[in-house]
Structures are given as structure tokens and as C-alpha cells.
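Features as listed in TrEMBL:
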DOMAIN    23-113  domain 'Ig-like'
DOMAIN    132-208  domain 'Ig-like'
DOMAIN    226-311  domain 'Ig-like'
DOMAIN    316-400  domain 'Ig-like'
DOMAIN    406-493  domain 'Ig-like'
DOMAIN    498-592  domain 'Ig-like'
DOMAIN    599-697  domain 'Fibronectin type-III'
DOMAIN    702-799  domain 'Fibronectin type-III'
DOMAIN    804-900  domain 'Fibronectin type-III'
REGION    885-907  region 'Disordered'
Amino acid sequence: MVSKAALRSRSGDVCITGHDSGPVFEVQPSSVVYPEGLSKGTVTLNCQARASPAATYRWHVNGTNVPVGDLRYTLVAGNLVISGPQYGSDGGSYQCLAMNRCGTILSRVANLKFGYLHDFSGEGQSPQTVYEGAGAFLACQAPAHYPALSYRWFVNDFPSFVKPDGGRWFVSQVTGNLYLAKAEPNDTASYFCFTTIDMDISTKSTFSKANQLTVQPDANTRKSAPAIKVRFPAETYALAGHTTQLECFAYGNPVPKLRWRKVDGLLPSKAGASAEGPILTLPEMTFHDEGVYECEAYNSEGRDKHQGRINVQAQPEWLQVMSDSEVEISSELHWTCVAAGKPRPSIRWLRNGQPLSTQDRVEVNGGRLKVINLALEDSGMYQCVAENKHDTIYSNAELRVQVQAPDFRSNPVRRLVPAARGGQVMLECRPRAAPKPTLFWSRGTELLTNSSRVTVTPDGILWIHNISRADEGKYTCFAENYLGKANSTGHLSVRDATKITLAPSNADINQEENVTLQCHASHDPTMDLTFTWAHNGALLDLEDPAGPYHRVEGKETIGDLLIVSGQLSQAGTYSCTAQTVVDSASASAKLVVRGPPGPPGGLVVKNVAETSAELRWSRGYDNHSPIGKYVIMGCSPLSSGWRTMRTEPSNIEGNAESARVVGLLPWMDYEFQVIASNILGSGEPSMSSHTVRTQQAAPTVAPSGLGGGGGDRNELIITWTPMAREYQNGDGFGYILAFRKRNTPTWVVERVSNVESSRYVYSNQSLSPYCPFEVKIKAYNRKGEGPFSQIALVHSAEEEPTVAPLRINATALTAFEMQVSWDPVQHLSANGILRGYEIRYWRQHEREAAADRVRTAGLETTARVAGLRPSTRYHVTVLAYNSAGTGPASPKSTVTTRRPPPNRPPGNVFWKTDGSWVTVRWDHVKALGNESAVLGYKVLYKHEGQSALKVLDKGKTSVTLPLPKDNGYVVLEIRSWGEGGDGAAHETIVSRDSGETD
């Protein structure tokens, strides 16, 4: 008798079942880019497999054996080390073969390629000249290279790289060209294209000859609408899971802004900030990202658009693979592999590294493999290979064909089989054997055959029905194939049957109510009885204290179920099962839970108009309480969440399945939900509808915030608040301005085509200063024009005042401060509104151009000027000003600041307390010859955030002050004062203790 299956490999070694295992890759080789010309380095291609016995390895390059052992090729464990890789002889596709006596597997392909970057050609490009305000580009003309390059440009000297500068510059990572949206005179320079390649072990860079760009100044720079010059392809193929980038850049003056959208859907949020830049970046591509994308360039002069489609493809990915199998000899093998990918992957099969095709006993049909009449030589390692143009993937499994005489040692017949009287019992007979053995049963010397109470199945299972005490005894299973025989015996023991004595009853509750379902049973007293409950066939967890289901504690024969806070999802059929090790009995009851309605289904939006849309839906479950009404919820990009929508009819009855939503904004995206309610509450909302956009309509409101004024001479500036998205009502949006001089009949009408514009400048040499204009504005879009706003009065640019203030008087207040006064300007001319006055002051030895300036905030005719120098002579003038600037200066006035106060604090300060009072004394401060005389002293008294100031004349050098009642302390600051201002302070802390300080 053969006790173990033996499999023979090609080398003649035996693969032992239960002991050996075929190779499984743990590390596979990865592709490498190696620098061309680097002769002293090495490349390591990794390969490690788990196997028992340990695997040995071979390598193929381009389908032929790698001569391992050669001086340049070394095998370290399974890794292939190539010394001094050479472009001509070592480049190619490498695969690792791992093998042992159980079989051979083939690794994924790893490509060894050589990276290079040649120098730029020695010829520089012709110099370029462009006028200020125009667009331009400089071609990179990169040299031959592998792999792909990254591009930058620097100006004049390395590494002064070009920066975007508010979107004026752009470097294409497709062509390497440098683009300039709007040239400025300071752009004149020499530009160099700087290219870099990244390889696995190094990087290499090189740069071009100088590209000279000259920008000619233009005093009358023309504005221009955007013109897209960098266009992404009409068809772009992206790979799922990878990042895709689209490039778009435009010339224009002002510099165009860019924005991206998905024409046939919403732009993926993962685009992030790139949605408003020249390179749209979409990471982790999915098939949902497929579609038509549009780049729009816009400025105040117009817009330009470009569209192209992204098609997403995918590398192969396994959906189903085969698994290791042990199959008996002469039987059939069926394996299936299923792979997804775009283009659809093709599938082929390998056995021990060799291709499998349909022949003899083998049938290959795409992802299906069938082998009939299995033989020992069919054992080995099998691989399913899925490939498309993007990648190739491998799945491995080991097949072992078994041959063995019957053996019960690992799976004998159960020695003791209890069974319930009146029930049925199953005795299994499952010896290990290959090929399948013949099986039969006996009781004692009686061979068992099929009868009214006994069934013997072809696969060796013995069934005994309607069991009685007479069926107790020993039962033996016999197994036989051409390799040998075996048998195994078990004993059948008959017990009393289990019965349900009190079955659960049907129940009806409202949501959140509790209910108890009863279940009692009787059983054989020699065995333990357990109860289980199932809900709609799913077994319940009764041990979770936080769950809704709980076992009611009681006698062993009672298994009642308590359901806490019943929910709609808990309605259904509850089955109680009482069971012992030999049998079980069950009984069921239905639980009805009444609650709010379920979500309506099938929500569709039809007949979408400018401000309304029709919704249709199908009724959801009423959950045993009739639906009373429906409410429609909606959201748009402008709303912070879902809100109740106005409808027709305003109250939607419970038998309705359609309604019209009204009061929508034109040209706005909406999603809708429907919520049903009954007397028990409101249910869950339906699934959201697909996003719909209402029809376009002419604007219905005028822009707000109309005003203006200011600007340069001969200009009328009109400003307004740009219309928010909810008021635009359509695309092709812009503004129509109408303005006229007050009391004239003719309106000047101008169109502003940019939705984000907020100002318009009208220039006319004949405009008189501060001329009143009547101004009105309205919005327009593709569908028409909206109403005009109310008329606003806006003045043209002011001119500077023409009259100077008179009778200037400057008076020194202290050593550091003066007061200036003047007569107000009688401003009767019509060139602007007087805003205030500007005081200019400068020291006698300084030029007037270096004067310091102070402005009044209104039309006051006096001002204090601080921060002056002591004992210094100042010149002072006063000028009137308005929004256009300052007028002529007044005649000069002269003032000399006072001498400075002494810079020494009072000395020899001491104090003495008397009850709740303290007397403080100090020495007199004497002024020096260059200081102003001391006229007295100031004492600042501070306690708990409160302060008080006492001013004493010159003759007093002491003061009596109250002390706090809480035994606290006070802080005193003592300083001299005079015409020059306050002198330096002496600060001291005074408490109820007498003291003194120097």
C-alpha cells in the first residue's frame, strides 16, 4: 500500500506531498535605467522565492539563457549581478526562473535600458525681438535623450531660473519651450534651456546656448484678447492609477487667467489648485475621470477655449485566480483565471515555465484550463499570464496529482455518534485514497443496503431515518481501490428527542418599543440544551450588552428573546432553535415594526425649465403606516447643505408620485431628494437625483454697489460689485454701462465682457475735472439683457486745489511739540472736494524737499505736530489737498522749539506714613543752562489699575497722599515740568512702612 503521494519532477527528484512545496516569488526583478557609458558600475536584478526544498535559479535575457559564471554575470542567491553593463550587449528583457523538484515558475519581465542625454547643438538660435505687450516663445530643441526630460530655463546666469511671475511665463514639460504671455521691457535678456534626466542611480543635466530675447518698448501698448498657444492633444490616453497632466497657455494683454472644466461632468476635485493654472494635474486616474476637458483663457478683452478628450486605459488586474490543488489521479482539473484591463488582456498558460496549448489531454480556452485523465506527470507549477500593452501579470498555483491506497488514520469514522429517537443521523466515511475507493457499510455482519429507513450514498455517507432504540450498535465502513483496503468503526447511541413546548407568537410594535418573544423546550436530560435565535435566517448575537438582542435569564428549558428599542430593520421572521448535540427543534414567529416611511425610489428629474423642474418618484415602503405627505429637498453649489424647496402643489399628499419644484435660479446646478412622512415621523431621504442645470434666462437684477470717482486727469472711473454666480442666469455674461454728463440728453454706452470686472475707465481729453456724470449699469448674458440699476452720480477725476491757505501761525508748545493754525481755504472752484490740509515742516538747515508731512483727517484749521527736536528752528507751510493731490503751499512760517526739560529725575525721595496717609518728599531739580526752567512737579499716583495726577508749583517738593485700606501699596511717578515739557520720572513703590530711596 502506498501511504504518501509521490510526484516526479523532470530532474527525477521526488516531490513529497505534505513535506515539499513548489517555489513562490517573494521578490521579483524591477526594470532599471542605467547611465550609458558608466563602465565601472553594476546592476542588480533581484529574485527571491520561498520553496521547500530551497529553490535554484536561472535567468533569461530576450528569451535566451544568461551565461551565469561569465566574468560579468554573477548569481548571488537568486539575484543577477551584471558588472560593467554595456549598451550593445546587456540591454533587453530579463526574467528569473525559480525551480525545485516540485516545479518551475517564471518571474515578471524586468527591462534593462540605458539612459543618455547628449549635449545641445553648438549652433545658437537666432535672436528674437518682440514689442512690449505681445506674446513670444523660445524653442528648447532638446538633444537626443532617454528617458523623458524635465525642463527649466534660466536667465543670463545659472541658477537664476525663470519664475511664473503671475502667469506671464510658462515652461512646457512636453516640448521644453518657454512661453511669455505678455512681454515687458525688463524681459530683455539671454535665456538658456536647462534639461535634466533622472535615472535609477544618477541624474544628468545640460543646458543650451543663449537664446537672446529683446523687448522693444511701446508707449501705446495695445491690449489684446487671449490666444491659446500651448494646446493639449485632442486625444490623450491616461493610465488608471497614474497621474495625467494637460498643458494650456495663452498670450494676451492683460496676462490671461486660466480655468479648466470637464465639459461632460464635474471637474474632479483632486485637480485642486491646478484647475486654475497652465497644467491641469489629475492624480490617481479612474474611469470616472474619462471625458472632454476644456481650458479657458480669459482677460478683460475676451476669452479663448480649447478642448480635448482623456481616454483612460488600465493595466491588467486579477479578478479571479487559481489556487494550489491536490487532485486524485485519473480525475479532471478545471482552473479559471479572469483579468480586467483596457485594452482587454489576453491570457496564456505556463507549466513549469513552458507554454501550454490545447493537445492530447490538455484544453486551453483563454482564461480556462482543463486537463482530463490526470497523470502523475501533470504535477508541477502552473502560471496564468495576463497581458496587454501596458503590463504583464502572473498568477501561480501548484498542482499535485495524488495516488494512494485507502487510509482512515487522518479521518476515521466518529467513534461515538449520538442520535435522537425519532430523528435521523448521518455517518460519514471519508478515507484518504486515490483513485476514489469503493465504499460500503455493515452493522456487525450485516451488509447495509438502501431501504425505507437506511440510505447509503455513492460517496459513502450512511443515513438512518426514524431512529429507534434498536438502531444502537457498531457500524463499520469498508474502503477499497486497486492499491489496497481499509475500514473504520463507530458506535451509534440513541437519546430522547428535543421538542418545542411553547413557541413564539407573532408580534406588532411601533419603532423604539421593546418586545419579548417566548420559546420553551424539553430535551434528553443527559445532554445540555442551548437556544439560538435567527432573524430572517441570520444568526443573532445575544452576548453583546450594547446590542438590541438579549437573552432572558431563566431555567435551562426557557430561551426567551428580548428585543430593545425595535427598529424597522428588525422586522421579519424570528426563529428559535432549541438544540442538543444530537438534534434540534425550531419554531418561528413574525415581528411587524411600524415606523416612518422608507426612502422613495426611482427619483428622476424631467422638463427642466429656467426656474422650475418636474420630479417623479416611486413610493417606498410605508412601514405599516400610510404615507401622509412628501417634502422635496434640494441643494446647489451655493447652498451650505440640503434645504426644503418650494413646490407646486405646495403640500404634496401621500398618494402623489410627482411634483414641480419652483423658485429655482436659472443656469444653476441642482440635486434633489424626496422625503416621505407619516404619523410616526419622517423617513430617510431618497437617493439624490443626478445633477441637473436649469435653463438659461436673461438677468433679472442689476449689479449693485455702483459708484466710482478718482483716477487720473481726464478720466471717469466707474466701479461696481461683480455679479454673484446666482444672479448671472447664463453664460456669455457681461455688463452694459451707460453714462452721460448731468443735464445732457445723450448716453454713452459701453460693454464690459468679463464677469469678474468691477471697474471701467473712460478717458477723454475734453473731460473737465470733477464733472458730475449720471451712471447706470445692467447685466447681460447669452439670453438677453437685464434691467438697469438706479442712476448714480459719479464725478470725473479731480484736479489739485488751486488756492493756498493763508495766515499761518506756528507756536512752540514744548521742546518736542508745536501747534500750527491757519485760515481755511474758501474753495469755490469745481475741480474737486477738499479732503483736508497737509502740514510740511523742516529744520532751517534742510531743504524743503526733505520736509516731514502730517495730514489732517478733515477740515480742521489747527493741528499739533509732535516728535520735534528741542531748541531747533523749523520752517512750516500748509497745503490743501483732495483725492488728486495737494495744492500750492502757503507762505512759510518759522518757529523755534523750547529748550529741553531736565533729563534728571527728582532725587533723595523718601516717605513717611501716618495712619492711612503717606507724605512723600524729594529734592528740588535744578535746570542747567541749556535746559528749560523747572516750573513745578507732577506726581502720578497708581493703585490697582487706577491713577490720579497732582500738579504742584515750583515751590513745593512734597505731597501727602492717601494709602489703600487693604495694606496694599501704591506706585508713584515723580517728575519735574516746565516750558520744555516733562522731565525724567522717578518711580517708587510706597507701602505703610516708612522708607526712603536714593
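Even glycines carry a Cβ here, placed using N, Cα and C.
Long-range Cβ contacts of the region 'Disordered' (885-907) within its own chain (Cβ-Cβ under 8 Å, at least 6 residues beyond either end) map to 800-806, 808-812, 814-818, 820, 822, 825, 838, 840, 844, 868-879, 922-928, 930-932, 934, 937, 957, 974-986, 998. With a cut-off of 8 Å on Cβ pairs spaced 6 or more residues apart, the domain 'Ig-like' (23-113) and the domain 'Ig-like' (406-493) reach fewer than 3 such pairs and are scored as not touching.
Put simply, of 406-493, 599-697, 702-799, the stretch with the most CB pairs closer than 8 A to the domain 'Ig-like' (226-311) is 702-799. Within the model, the domain 'Ig-like' (406-493) carries an average pLDDT of 91. Under DSSP, the residues of the domain 'Ig-like' (316-400) split into helix, strand and coil as follows: 3 helix, 55 strand, 27 coil.
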